[in-house]
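Engineer: If you scroll down you'll find the structure; I have some questions about it.
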Amino acid sequence: MAILHPRQDLFCGLSPLDKSLFYRFGIGETIKSPFSCIHHAFEYHASLQPSALAVVNFEESITYGELDRRANCLATYLKDMGIETDSRICVLVERCIPMVVAILGVLKAGAAYIPLDGNVVSDSTLRHALEESGIEMVLTLPKFTSRVEGKHIINLEQVICASSSTHCAKPKDLATADGGAYVIFTSGTTGSPKGVDVSHKNVTNLLCMAPGNLHMAPGVRVSQLLNISFDMAAWEILGSMCNGCTLYLRGKSSKEWRAVMKLVDVIIATPSMLLPHNPQDYPNVKVVAVAGEPCPKYLADSWASHAKFYNCCGPTEVTIVNTMQLHSPGRPLTIGKPNPNTNVYVLDPDTSEPVPIGAPGLMWAGGACVTRGYVNLPGKSMECYRPDPFIDKHGLMFNTGDLGRWNEDGTLEVLGRLDNQVKIKGFRVELDGVASAIEAVPGILSATALLIEGELWGFVTPVVAKTEDIQAAVSKVQPYYATPTRILHLNEFPKTENGKIDKRKLQQAAIDSRYRESGSVKTVSEPPTALPSSPGHSPVPEIAIGDHCSSASTLTKTGIPFTSKEELAWTGYEDDDMPDKNQGRFVRNLRHLIFTLYRRLFGIVFVINMCIFIWLCTKGVDAQRVGGLVIVNLFSAVLMRQEYVVNSFFNTCCSVPPSWPLSIRRVCARVYHIGGLHSGFAVSGVIWFILFTGQATKQSSNHDKISIPTLTMTYIILVFLIGVVFLAYPTFRSRQHNKFEVSHRFLGWAATAMVWCQFVLLANDYKGYKALGYCLTSDPHFWLLCILTTSIILPWLRLRKVPVHSEVLSRHAVRFHFEYTTPIAGSFTRISDDPLFEWHGFATVPVPGKKGYSLVVSRAGDWTAKQIDNPPTHLWIRGVPTFGVLRIVPLFRRLVVVATGSGIGPCAPVIFEQRVPIKLLWTSPNVRETFGDNFVDSILEKSPDAVLYDTRKHGKPDMVKLTYRLVKEFNAEAVAIISNRKLTEKVVYGMTSRGIPAFGAIWDS
């Protein structure tokens, strides 16, 4: 880049060394881009590899040749419709192959496209973008045509020529490097978005050469995860097309991006998107680039250990990113150096003169990255875009608003924002715009907004409007990420000495308000690590870049799109046609209600034992051999309840990949029925013991080896075993759970001790001339008994009292936070404050990327009420977290999860984990009143399209019909439900009898 006559007066305050370094550090390498226009690069690769895959959208795909042909068809159509060079066309779509066709078709027609996601963009933003851009033509999909009025609407599905036999010649190419390529709308100081006008040369300068091309080349697979309205999405889409790669779309559901991440070589994302992920789970990924918000050092180190990791920076006005650093683990994390043909100047905020190297200043960007300005905002463009005095090409430089400084190695360090803009979820939000939106609410005289500890707060005066009304009003004019998650009402704002609003005092007031809300847990010495509480302030990629607006969204709360009554997910579900149940009623009930897998497993074990029983009775057998069979069955029964054994069963069955046939996976998913083995062995063991008692009595009466002490102990054990089996009967156990737990524990311990006594006595009766010790150790049943005893003792060896951070969610629920271990999603643990007499099992709720876990305790009895009213600081735990029903989630590609009331506790970890796409149905009376805003918002953060059905407001739903509707809408493979026994059995039967795999806790075991 030529630097012939820079203004020397600008360098008066710099030393010769600083002046030299100003240019050495700040001026990027000069390299000529191989292509002047975006579509020229695409056409080059389309001609070289017409049969190569260009775009993959799960089951759909398109080759470069076909994509080029369809784009030519669309471009020709647009030219015929009168589209002129450098005009603008709105592309109102969702993530799909026609989206890519539309982008390329517009570019080939010589126009610029304005990408808007029809599922996300608000009506006000859409209307503003169309008006400000002077757009008369909108390319869209049928589902979005109703959102546009007064414009020429073109249905993409109708105009894109899908016939491969139809040849569409490319129209005359009048596009130039300086011509417009796309316009990205960002938020503005008045609350209205600003359109950034980006040229072809801006884009090709980044995407068509290193490092901005991110090693993209033919054969490389690139993910498309980001919201298409976000300028980084152009990096994904256009970068892939300009370099001959295959672009993998993440589908309509924001959760399907994990599946895409496991297929691609290159990922472009915000740091928040990567936070929940372990790079070891994605060995396929070779290159990662992050931008949009500050990147945590540990995240960069983690990913850089497994792939090339670029930390990048740059606002939309400088074409996606203008600085990049290839990070090495353990090295300082910076935003790197200017890209080729781009410049970065660190200037004094007041004088706009260069500051010494190492001194903080305002970062300005210059060179080929600087865009053409703001659409229809000449005043704002002149304010932010200024002539570049440091080069001799009469170019522009842009005020990024970021403070930064040069490091000694020529890399840049960002020090924060100079103005009142903040980044939330990778999107820029101007707090003044949020405040303006709040002030538009009737009755509010003044408002301001602050980002406090990652959470967007709104402050209003006077106290006249309800919080939900304010949030509803703001959500109509601001995107979801710019809607305050909390509103603080004040009679008046605190003022500084200069008469301005004292924002420091407002920040302290917000923190004090938060602590007052959780006053019942102020005794906790250290606040627990909380789950993300609401959209816009926690690192959750689905909200930041997902298709978060859905007709199924029903919660009118922060960050969640408001939905009218007519748009509720369940509207009209009772009129839905339900398919007939499979098979005849008798066979169906026999299969699904009588002979459940649990009972089938029980039956297999029991029948095999009874066959052996009958055979031995006809052959004749002595007491010692029968005693051995007793031990084998009791050993097996105990092991089927041992935590490590249970976890091994689950891990084995749940390791089946989701690519296997559903017929196999649905069988593996019923691994939680292994309790049938436990019951089968236990009952068989008792029957064998009855035979043993009879045989021992017979032999004792005949003075045949069995001694009186052995016989006496036999009858005592028999009474104990019958008592254990009786108390374990499901009906009694469900009604008298606490009594069952205590009796089962103490009777089991006593029976085990007595079995040892009897085993020794029996061995002594049969030892003959051999030593007793030899007889014991040479008998295999002795070692089985040792293992049996060890398996009972082992969990108690891990008995300990651990600290707990108590977070009272409401007077109905409390959340306990633990740090002693980090379990796997789908497990439960037992807690107690009196370990000898009572234990209570609760699902663990681990947070991806964080140590420890939490669990939610709802008011459902004396013990839970005590924990809520008097939150503990320590609790007893024993054993290890054990897997339950929802451990099976990874077996399926898409799943509907149903929770009623406190059943959300076991469901929460699999929702937070986001390992597979999940559609949540949560029915309960007023979930926010019961579980608090933070917990509910954290659920919606990860599952933005969740259906929350308020049973107090809408009455009890037909759960089978409502679940079936969601299964069909979501195209789910299976259903998992956590509820009470009656409802669980009803939903599971209603689904499985119609051929849909369904899973829920069982009460036989």
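Going from the start of the chain as shown, residues are counted 1 onward.
The backbone N, Cα and C atoms fix where each Cβ goes, glycine too.
Pasting the relevant annotations from TrEMBL:
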type     : residues : note
DOMAIN   : 42-374   : domain 'AMP-dependent synthetase/ligase'
REGION   : 516-537  : region 'Disordered'
TRANSMEM : 597-617  : transmembrane segment
TRANSMEM : 671-692  : transmembrane segment
TRANSMEM : 712-732  : transmembrane segment
TRANSMEM : 744-762  : transmembrane segment
TRANSMEM : 782-799  : transmembrane segment
Engineer: Against which stretches of its own chain does the transmembrane segment (744-762) lie, if we need a Cβ under 8 Å and a gap of at least six residues from its ends?
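Structural biologist: Cβ under 8 Å, 6 or more out: 623-624, 627, 631, 634, 706-707, 709-710, 713-714, 716-717, 720-721, 723-724, 727-728, 772, 776, 781-782, 785, 788-789, 792.
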Engineer: Same chain, outside the transmembrane segment (597-617) by at least 6, Cβ under 8 Å from its Cβ: which residues?
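Structural biologist: Hits for the transmembrane segment (597-617): 625-626, 629, 633, 670, 673-677, 679-681, 683-684, 687-688, 691, 1002, 1004-1005.
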Engineer: Which whole-number mean pLDDT does the model give the domain 'AMP-dependent synthetase/ligase' (42-374)?
Structural biologist: 89
Engineer: At a C-beta cut-off of under 8 Å, are there same-chain residues at least 6 beyond the transmembrane segment (671-692) that contact it? List them, or none.
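Structural biologist: Here the qualifying positions are 596-606, 609-610, 613, 617, 623, 626-627, 629-630, 633-634, 636-637, 640-641, 646, 649-650, 653-654, 714, 717-718, 721-722, 724-725, 728, 884-885, 887-888, 999, 1001-1002, 1004-1005.
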